[in-house]
Amino acid sequence: MTDIRLYMLQSGTLKCKVHNIKMNQGNGADYEIPVPFFLITHPGGHTVIDGGNAIEVATDPRGHWGGICDVYWPVLDKDQGCVDQIKALGFDPADVKYVVQSHLHLDHTGAIGRFPNATHIVQRSEYEYAFTPDWFAGGGYIRKDFDKPGLKWQFLNGTQDDYYDVYGDGTLTTIFTPGHAPGHQSLLVRLPNSKPLLLTIDAAYTLDHWEEKALPGFLASTVDTVRSVQKLRTYAEKHDATVVTGHDPDAWANFKKAPEFYA
């Protein structure tokens, strides 16, 4: 039987400015952030959380992403796509049962449509917004990454479906955390022999956001962003969870990376 494990992986980095990540900070200084994604192995079928950057940006960033490359430049090797990394760990892409999308921004959609038997779980509000985003958010959504024929989608409905238990056994729970994006969700991972891990994803890019010292450089709603962090802080304390922020280069360095894992 397959052990329940959490693998932390990275699909390259994004080069940007500090103020793109921490609002009104950095005085224009350069900043480079990791682009994490996650694999949960499970006897009921594996789950990929997000998937990082689409592999296409390894060879043609501007052709795939367009003008947003002027703000966020992807650094990705050809072997750093999520499918190749999961194969390198010895897992068959056909055994991935779920692709869970925290949201649909361009640095989180690398797994969509890459796993032939996967159901893609996303908030309905995020999916709908991604097709018709507001002008200030449009560059963050690459339609060809998620508007693909033949995909199996499962839509969650905000607070109505909050704390959705993906496997039905407590291993993976979604937490509705709008703000950074209208339909953002974070994840709680419970493992047999480790403390729970709270994957904030982009509800908190960095520990500065988590500790309420800065707002993220991009958000759809300031009020929702702040309240989602407060919600997660309460949840993390309740479950004594280890917090994994979305793009913090310093904090990310402290976690085990694949092929090491949490179990």
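The backbone N, Cα and C atoms fix where each Cβ goes, glycine too.
Following the DSSP three-state reduction, the secondary structure of His103 (Zn(2+) 1 binding site) is coil. Counting only residues at least six positions away in the same chain, the Cβ atoms of Val122, Gln123, Glu126, His180, Ala181, Gly183, His184, Gln185, Ile201, Asp202 sit under 8 Å from the Cβ of His103 (Zn(2+) 1 binding site). Per Swiss-Prot, the feature Zn(2+) 1 binding site maps to His103, His105, His180, Asp202; the stated evidence is similarity to another entry.
As annotated by Swiss-Prot, Zn(2+) 2 binding site applies to Asp107, His108, Asp202, His247, with the evidence given as similarity to another entry. Sequence-distant neighbours of Asp107 (Zn(2+) 2 binding site) (same chain, six or more apart, CB under 8 Å from its CB) are Leu14, Val35, Gly52, Asn53, Tyr72, Pro74, listed in sequence order.
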Next on the checklist: Quick check: which same-chain residues outside Asp107, His108, Asp202, His247 lie with their CB within 8 A of the centre of the Zn(2+) 2 site CB atoms?
Outcome noted: Val35, Pro36, Asp50, Ser102, His103, His105, Ile201, Tyr205, Gly246
